Amino acid sequence: MEKYILSIDQGTTSSRAIIFDHDGNVVSVAQQEFLQYYPKPGWVEHDPNEIWATTMGVIADAMARGNIKRSQISAIGITNQRETTVIWDAETGKPVHNAIVWQDRRTSKICDNLKEKGLEETIKHKTGLMVDAYFSGTKIKWILDNVEGAREKAEAGKLRFGTIDTWLIWKLTNGKVHVTDYTNASRTMIYNIFDLKWDEDLLKELNIPSSLLPEVKPSSQIYGNTDADVFGAEVPIAGIAGDQQAATFGQVCYEKGMAKNTYGTGCFMLMNTGEDPIESKHGLLTTIAYGINGKVNYALEGSIFVTGAAVQWLRDELKIVDSAADTEYYATKVKDNGGVYVVPAFVGLGAPYWDMYARGTIVGLTRGSSKAHIVRATLESIAYQTRDVLEAMEADSGIKLKTLRVDGGAALNNFLMQFQSDILGVEVERPVVNETTALGAAYLAGLAVGYWNGQEELLRKWKRDALFTPKMAEDERERLYAGWKRAVERARNWIEEK
């Protein structure tokens, strides 16, 4: 009987289950969207129970579509939207509040207080992160401070915290396993990425009891088995990585200096810096790429908050396209952007600016500006933001990138990928298997149970689907990019109630 690896890819807008065979090919896939809650401006929430229900739904769907039995699954890998914070009752398993999503900005004032106390450098030295509402630490504090009875229960050891990986494993094991991996822990702003442990000083500063926290383990090992009553069989859960780190692993960026960019709701570029963490001087994050076989690989990361979400905005709010795929058609209907720039700073700007008070703007409009110009400028904004990050990355690492590996939904947009290559001046490579995030989690799980023999075997499985090479003249590239920099300045520091 053939064996497979099940990958759970729990994202910001949907839950997905992908089943891979030994060649790393997708055998079956299922996806289900779930609700986004926006209780106040700048607030973004998910219902953890809906995340769980959709996850179980897509697993059943993927198994049925592939005609695969539970007994044919060798291991389960989990990859997840990072930073998103769930706190639940240890006895009942019931969340005390909706999950606070990574995009949520409600804790900006808590972050401002940390900065006023002069803690920015301390936090950066310990965690590799900026002080920002993006990360889990201040979200945990907010829930404990604002949900009635939560702090008392936490102090009594009756609550549990987890990022989404932790929540799903808790549920899959019927409350037996409370665990996360290095990559997810490295996104909480309370985990010391050098000592590889929760940081007591930061927990004290944010008033977070340590009894809340999961055990932190490598990204590839058996954490426990699924509960037979919950899952239908006892199957090892053997791989965990935050979505961007999983994509890095799935793109087999195992060598120092290799980089990938994932085009999803946001855009995330990671460069493997090997076993040596590089502290950024240019607005990037130092993060853990993966931990495997007793070693930890670090990465520099540029987190861009809004890329694919800007395309959703064109579709859902402005209603000027019917689907994301339409953007390529409209973008090619005009010869250039017509001087129009869209800065999609809907929730502020991430790397390398870290401006929580920036807001979205469209500049350069004239009477001749058309729908096609706005669509094209929105796509171009994704490529410009990626260049912002790459310039910072090259400055920090001293490594000149030759090729960027790409994945995610928008990586299938050929117009965008060609423009990306043009504006960076480097080659852009798209793999045959675009499901690199899920593939990375599958690889981590498969390695832990001996389904694959080692990373060398995985290197041989990576295959290129398309190569985009720069075709734009240098002066044109720099002229367009200079326009983008001017547009960003217009968007910055827009919100005044600081």
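Cβ atoms are placed via backbone N, Cα and C, with glycine included.
Taken from Swiss-Prot, the feature ADP binding site covers T12, R16, T265, G308, G409, N413, and the record attributes it to sequence analysis. Taken from Swiss-Prot, the feature ATP binding site covers T12, T13, S14, T265, G308, Q312, G409, and the record attributes it to sequence analysis. Annotated sn-glycerol 3-phosphate binding site per Swiss-Prot: T12, R82, E83, Y134, D243, in sequence order. The glycerol binding site feature in Swiss-Prot is assigned to R82, E83, Y134, D243, Q244; the stated evidence is sequence analysis.
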Worksheet item: Using DSSP, would you call Y134 (sn-glycerol 3-phosphate binding site) helix, strand or coil?
Response: coil
Worksheet item: What is the one among the binding-site residues T12, T13, Q244, T265, N413 whose Cβ has the most other Cβ atoms less than or equal to 10 Å away?
Response: Q244
Worksheet item: How big is the ADP site in terms of the longest C-alpha to C-alpha distance among T12, R16, T265, G308, G409, N413, in angstrom?
Response: 21
Worksheet, complete the sentence: Candidates R16, R82, E83, T265, Q312 (binding-site residues) passing the 10 Å Cα cutoff around Q244 (glycerol binding site) are R82
Worksheet entry | D243 (sn-glycerol 3-phosphate binding site) - helix vs strand vs coil (DSSP) | helix
Worksheet item: Hey, of E83, Y134, Q312, which of those binding-site residues are within 10 Å of T12 (ADP binding site), Cα to Cα?
Response: none
Discussion item. On a C-alpha basis, identify the one among Q312, G409, N413 that is nearest to R82 (sn-glycerol 3-phosphate binding site); the candidates are the binding-site residues.
Written reply: G409
Item to complete: Please classify the secondary structure at N413 (ADP binding site) using three-state DSSP.
Response: coil
Practice prompt. Compute the C-alpha separation of Y134 (sn-glycerol 3-phosphate binding site) from R16 (ADP binding site), stating it in Å without decimals.
Written response: 23
Item to complete: Please tell me which one of the binding-site residues listed here (S14, R16, Q312, G409, N413) sits closest to E83 (sn-glycerol 3-phosphate binding site), measuring Cα to Cα?
Response: S14
Fill in: Cβ atoms near E83 (sn-glycerol 3-phosphate binding site) (within 10 Å, other residues, all chains)
26
Item to complete: Count the other Cβ atoms sitting within 10 Å of the Cβ of Q312 (ATP binding site), across every protein chain shown.
Response: 14
Practice prompt. Among the binding-site residues D243, T265, G308, G409, N413, report those whose Cα falls within 10 Å of that of T13 (ATP binding site); none is a fine answer.
Written response: T265
